[in-house]
Every structure is written in structure tokens, then in C-alpha cells.
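Asks: Before I ask anything, let me first share the structure, which is written out below as C-alpha cells.
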Amino acid sequence: MAQFFKPKKKASVNTKHLSVDVVRLDHNGAGIAFVDKKPVFIEGALPGEKAIIQFIEQKKQFSRAKLIKLAQKSEKRQTPICQHYHECGGCNLQHLQHEEQIVAKNEKLQELMKKQGVSQGEMVQPIMGEELSYRRRARISLMINKQTNQLDFGFRKKQSKAIVNVRHCPVLVQELDQHLESLFTLLNQLKGKKNLGHVELVQADNGSVLLIRHVADFNEKDHQALVNYCEERNLILYLMPEADVLNHVRGEEPFYLIDGTKIYFTPKDFIQVNRKVNEQMVEQALSWLDLNENDSVLDLFCGLGNFSLPLAKKVKTVVGIEGVDDMVQRAKLNAERNHLSNVSFYQANLEEEASDQVWASTKFTKILLDPARAGAAGVMETVAKLKPQTVVYVSCNPATLARDSQLLIQHGFKLTRLGMLDMFPHTGHLESMALFER
């Protein structure tokens, strides 16, 4: 007998306005209220506020709602610094005083560790940099506006592919922010502007970098206009005609300094966006490892050598492991350029068990790891089996840090220090550092 497909009825959403009391923030910075014992997530609401909301999504376990207005405001609320704040998808906590953002993130970090049954040890003071003008990297979205035939130039709207036109961003370092207006004007004048994909701006220690992604070659006039613009402003220029092709057109090779070491990079490479916090982060990690000249250190998820190269100046040997081979090759070159012969780099998939790797049979006294948001579940068994004296875990996701901490504790480690890094002020992103000792 034939069976006919019957599409499920789309769940209806109660669109009536409702008054709720906001009790806390979630790990992304949204306010949480409870309706019939079910959590409701409200972007833009703060603890202690009475909010008038409208549901936009209702599920079995939770709901999401739009903030209509505030019947009662928190004393910790402030006027957002940016004129685009309520549209732009970048920052989401500018309505909360910065010092209160720190408090909320600290509480969230401790809450997640406690939830996983991890005893936190000493809670150290947060690492902080500038509240504004801290981002040394930005990706500018571009799109032809069909109504005006001009480029939309800026950042994506909240939960949308549409673009908020931006000519000034208060969290960008001033060296980059100053170019937004003139860059918009230049790109709009190009004959081939419809072939533009996106733009990236990166602030290196030896200049500002402009990367232009394009899907067709520029004509000679457009190409020269780009070169002239960069020469007038002393910008380092890269053109990217394909996803895996990067052409260095003018300027020096970009680098940044960390602990007196030059880290060369391309605008495709990952680097930490907050220079001041990165410098303090590396300094604290090296301090927590309590290094001596006889130590052998393993640096997992090492990237270009942000930790590995400063480590190599203080210990006997360093081994850096990274999943992206291009970055491994550049890390090796960075070691050579800094005349560091006691550090070696290997490519490995750290999402998988690594005990059969050559480097995993080495005796390491200390281990540092700095994984992406997914954490380091694949390599934690290897870390535990290596039995180092000390492990420093740098995390950009407290949930995966809490999860991975459990395995170390099961293998006899104790979490002795925990601290927050204010890498991304005015956002819900929470970075942290944990020290484990046996």
C-alpha cells in the first residue's frame, strides 16, 4: 500500500506581548527569563529588568523572544557606543557596562566548570586590554545594492545576510578604522566592483594590510587605482582571485611582535585579534608553566608559533603541533627567521587520537594547548598519557574547556588556577586560561 508524505504542520508561535522578569545572562550574552518554567532567551535584555517581549520561536525545551520594550531598566544598562549597534551583528553587549560584562563572564565561566563537577582552584584577575579600538582585524562584507547600483559596505546584520553600511567602527583599531570611508569610495569607483567578494583589513606591527577577494580579474585601470590607493596610504596589498590563491602586490610581508619575537603571517592566517590581550595572555601562560632551561614543552594547536616561539627562548626544546599544513610551514620559517633551532613543528589532525604520532612518544615536562571552539577532546587522552607536570589550557569556549577538564582530573591532575581573558569586549565571547598540575 502506498504511503503518502504528509508535511508536519509548522508550529504556531504565540505573538502576543508578554511581561517577564529577566534573571540572568546566557553564555552568549542574551537575557534569560522563565515562562511556565521554560527558559526564554531575549537578545538585549539584562538581569533585573522587566521586559515586554514577543515570542519569535517556541520549542519544547526553550523559547526565543524579541525585546519590545523595557518596563523596568537595570542600573547596569548603558547607551551603546556605536550608532549601528542595534542592527550590526558584531557586538551584542554594548548595552551593558563594561565592568559588568567582566563580572558576568567570570560568573559564567565558574558556573560552567561547576556544572561539569570541576573544582576550580584559585580564580585569578581577568586579563584586560582596551575597551574600544582593540580589534586589529575585520572582514568587510560587500554587495551591489540593486536599487542604487552602489556597493553596500560593512558588516552583516544580526541573524541576516543583509549588510549594515558602516563607515566607522569604534572597536576597530584606529589605524584600520581611518580607512573605511576612503576605501568605500575607492571600491565604488571601480568598473569591476560587481566582481568584488569581500575585503579584509589587518593591522600588522609593520603596517596596515588590505586583502581584496575578487571573482574576476581587474582591468588595468582598476588594478592601478588599487595600487595607487595603497601607495598613497602605505598599505600592504594582497589580491585573492581564488579561495586558495593569494597574490602579494605591494608592501612588506606583515608581522607582529610577541615577547621580542617576530611572527610573520599572511592575511589568510589566524592571528589573535586583540594585540594587548594576546601579549598578556602569552606572558601569563609562560609564567604559569613555571619554565626552566631543562624543560621540554609540547604546544598543541600551535598555529604560527604564537606561544611556541616565545617558549623556545626559555626552555630546552619545544614541539609545536598544528592541523593546517600551510601554517606549519610558516611556523617553521618563523623559527628560522628568529634563529630558534630548538623548536620543531609537525602537522597532525588533533581531532583524532594522536598516541601513534612520532612526537607523542617524546617525554614532555610541560604541555600548552590552545584549541578552537570545538575544544581538544580528540587529543586529551594523549595529553594525559604523556604525564606532564603541568598543563596550561587556553580556551575560546568555556563549555569545551569544562568538558576537557574532566578527563585531566580523572587522570590525577588538579585545576589550580582559572582566569578569564577579555579578548572581545562588548561581545558574549568568553576566553579563558586554566592551569592543571599533578
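Glycine residues also receive a Cβ, built from the backbone N, Cα and C atoms like all the rest.
Below are the features listed in Swiss-Prot for this protein:
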- Cys396: active site, nucleophile (ACT_SITE)
- Cys82, Cys88, Cys91, Cys169: [4Fe-4S] cluster binding site (BINDING)
- Gln272, Phe301, Asn306, Glu322, Asn349, Asp370: S-adenosyl-L-methionine binding site (BINDING)
- 10-69: domain 'TRAM' (DOMAIN)
Asks: Looking at the recorded positions Asn306, Asn349, Cys396, whose Cα is closest in space to that of Cys91 ([4Fe-4S] cluster binding site)?
Replies: Cys396
Asks: Rounded to the nearest angstrom, how far is the Cα of the residue listed as 'active site, nucleophile' from the Cα of Phe301 (S-adenosyl-L-methionine binding site)?
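Replies: Distance between the two Cα atoms comes out at 13 Å.
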Asks: Write down the Cα-Cα distance for Cys88 ([4Fe-4S] cluster binding site) and Asn306 (S-adenosyl-L-methionine binding site), rounded and given in Å.
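Replies: Rounded to the nearest whole number, the Cα-Cα distance is 31 Å.
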Asks: Please report the number of other Cβ atoms within 10 Å of the Cβ of Cys91 ([4Fe-4S] cluster binding site).
Replies: 22
Asks: Report the DSSP secondary-structure composition of the domain 'TRAM' (10-69) as helix, strand and coil residue counts.
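Replies: Secondary-structure composition of the domain 'TRAM' (10-69): 0 helix, 33 strand, 27 coil.
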Asks: Setting Cys82, Cys88, Cys91, Cys169 aside, what same-chain residues sit with their Cβ within 8 Å of the center of the Cβ atoms that define the [4Fe-4S] cluster site, listed in sequence order?
Replies: Ile81, His84, Tyr85, Gly90, Gln94, Phe155, Val166, Pro170, Val171, His426
Asks: I need the CA-to-CA distance for the residue listed as 'active site, nucleophile' versus Cys82 ([4Fe-4S] cluster binding site), whole Å please.
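Replies: Spelling it out, the Cα of the residue listed as 'active site, nucleophile' and the Cα of Cys82 ([4Fe-4S] cluster binding site) are 25 Å apart.
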Asks: Helix, strand or coil by DSSP: which one applies to Glu322 (S-adenosyl-L-methionine binding site)?
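Replies: Once the DSSP labels are grouped into three classes, Glu322 (S-adenosyl-L-methionine binding site) ends up as strand.
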Asks: Closest of the binding-site residues to Cys82 ([4Fe-4S] cluster binding site), Cα to Cα, picking from Gln272, Glu322, Asn349, Asp370?
Replies: Gln272
Asks: Going along the chain, which residues six or more apart from Glu322 (S-adenosyl-L-methionine binding site) have their CB under 8 A from its CB?
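Replies: Residues satisfying the criterion: Phe301, Cys302, Gly303, Val328, Ala331, Phe345, Tyr346, Gln347, Ala348.
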Asks: How long is the line from the C-alpha of Cys169 ([4Fe-4S] cluster binding site) to the C-alpha of Gln272 (S-adenosyl-L-methionine binding site), rounded to the nearest angstrom?
Replies: 18
Asks: Mean pLDDT, the domain 'TRAM' (10-69)?
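Replies: Mean pLDDT for the domain 'TRAM' (10-69): 92.
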Asks: If one measures from the C-alpha of Asn349 (S-adenosyl-L-methionine binding site) to the C-alpha of Cys88 ([4Fe-4S] cluster binding site), what distance in angstrom results, rounded to a whole number?
Replies: 35
Asks: Sort Cys88 ([4Fe-4S] cluster binding site) into helix, strand or coil using the DSSP assignment.
Replies: strand
